[in-house]
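Note sheet for the following structure.
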Amino acid sequence: MELFLHYSLIPSLFIILILSFLQRREHRRQRDDTSYLLGNRFGIIMPLDFVGTFSNRWSYGIAFGATANKVMFLFSEGYQPLQIPQWAQALQHSHSPFELLIGGIEVGLSHFPFFACLSSEFQLVSSILGFCYSLIWFAVTVLQVSQCPHGQFVGKYETLMFYWPSLLCLAFLLGRFLHMFVKALRVHLGWEFQVEEKSVLETHQAEHVKQLLRTPRPQEKKKSWFQTRIYEWDPCFQFPSRMIGTIVLAFICLYLFIVIEFCVFVYVRDELDVFENKLESYITFTNHSGVLTPVILQVKELISVTKGVWVATILPASLTCVSYLFHILVCYRKHIKRLWAGDKLFLPLKFHNPASSASVVAIARYSGWQIAYVLWGYLIIHVVQSLCGMAIMYGLVLPIVHNQGLEMLQGLGIGILTISIVVGLMILQMWIAASFFLQPKLGTADKQKPLALNNRKAFHNFNYFLFFYNVLLGLGACLSRLLISCLLGTWLIARIDRTIMQNGYEGADMGFSAWIGMLYVDHYHTNPVLVSFCHILIANHKEKKLQQTTKYWCLNQSAGPRVSARSRTRWFLLQTLINNPRLIIHRKLKSGHSSQESQILMACLES
């Protein structure tokens, strides 16, 4: 597969050249440039629009899914993207940035035809090329699975476990390109009409604007628990192709990462079994009377517990990361809608006006970083859950297994009693403060008492005697703060949509900065109100070209008086100022007119 990845660049470049030849450039260069010999051929083709593409979302997502094996393959130890010369041998070490950059470009170039054929305007040619290229990859992958179906870690069908997501994605692409070919052929033969030029405004964006203009009605149907707590379908919103592709690729990469992790676990388990056999032989040789026998038995128990806990925590760690992927989509819709409404209160203050260049870079980083965060997050969550599982095993289960249940219950009872006393004293302080040291409510409708001290002498004695106790209590509170911060930080490490930094240090979280920059780019380029306004301008411009008149006043050429453009403009200006008298103070004043005259005119219009 590595060798074929290198040689696949040949048909990939061939397809790119064909599609580039068919793509016409809108603007020719100057005559003094030698590229004028190409005419308007060999235009720039793009794989997909990462900002405003809402059609073929799942086709693009499946195309991203087909690259999952190669994305994971990039980080293998034996991957060599190319043979570099002797002078660059210093750059050729394992996982160097240079090697990863060249490898990423190679993988992207080898899969470029999938996206280019899906987005090309020449559906008949691109569908044939895309089908042939997908068929080549599908055949080579099937050949790889059939020739080497088994492996040394999982055993039977290990290769199939790695490659079935890619096979499924390639099969979907084959069907998609076949459907595109049939549809384009019917259009070419005249059996179907050619689809009209795509509008700037999407259907769901137009519906969103219409919904904003409608009078809000009270809800007639009560929402279910799923709609209230988890997710509610919105027909006026669609996720862009970038988000769908990111989530699909993240799911497949997460699955492959779990399989690879399990293979590594199998290898480590086999090595530990060999080590345990050596320990067992030592115990047998010494007839259970050696000095190290108790230590060896504890080591064997530790190895057995670790293996069992690691396997048991694979499922909860996987489900945690899968739930994060779905939650990312929910947070994306919630955050982008709040930005559409002009609400930035959910963002830290320093992110209210991010740099434009940082936002452009952020949208290029986001998809890759999101996948990397999910993979690293799974590993970290898995380790943390395993440590928690071992704590439970050594704290609760093993004492019962070793007939030490009473001692365990005694220690557990003392711990629970200590925590209960501490929590009870904290609650008692709150109750005493609310009952004796605050003045009564000002009104019966108030929810709580005002922050006004009462019984000041008793309050100062209360503070003095609890001062020394709170010093000791603060030690425990500090440790609990550290423990909770570590647990929440590791638990939410895969959540790129929220920062784990404290207030004021959010800029140090590069993942969260990428998320915010991506949101701003989507907000500025896919805002339904803005896109609707641009759609109206473009439609009016095209209508002026066709009819040589405007949409709002169409004059009959055969009859009717001519209307002066200046008089019409002044009439509309007067009507606008009557409806919006506050605009008068913002008008640009001519020489000889004072602001006082504008205020008088505004007062006359208001009256």
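Yeah, the Cβs are placed from backbone N, Cα and C, and that goes for glycine too.
Database features, via TrEMBL:
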| type | residues | note |
| --- | --- | --- |
| TRANSMEM | 6-22 | transmembrane segment |
| TRANSMEM | 122-140 | transmembrane segment |
| TRANSMEM | 160-178 | transmembrane segment |
| TRANSMEM | 247-268 | transmembrane segment |
| TRANSMEM | 309-330 | transmembrane segment |
| TRANSMEM | 375-397 | transmembrane segment |
| TRANSMEM | 409-432 | transmembrane segment |
| TRANSMEM | 467-494 | transmembrane segment |
For the transmembrane segment (122-140), sequence-distant contacts whose Cβ falls under 8 Å of one of its Cβ atoms, 6 or more beyond its ends:
1, 4, 8, 11-12, 15, 18-19, 22, 66, 113-114, 116, 167, 170-171, 173-174, 177-178, 180-181, 183-185, 187-188
Considering the transmembrane segment (309-330), which listed stretch of 6-22, 160-178, 247-268, 375-397, 467-494 counts the most C-beta pairs under 8 Å:
375-397
So, does the transmembrane segment (160-178) come close enough to the transmembrane segment (467-494) to give 3+ Cβ pairs below 8 Å, pairs being at least 6 apart in sequence?
no
Counting only residues 6+ away from its ends, which parts of the chain sit with a Cβ under 8 Å from the transmembrane segment (247-268)?
61-62, 64-65, 67-69, 71-72, 151, 153-154, 158, 161-162, 165, 169, 310-311, 314, 318, 321-322, 325, 328-329, 367, 370-371, 374-375, 378-379, 382
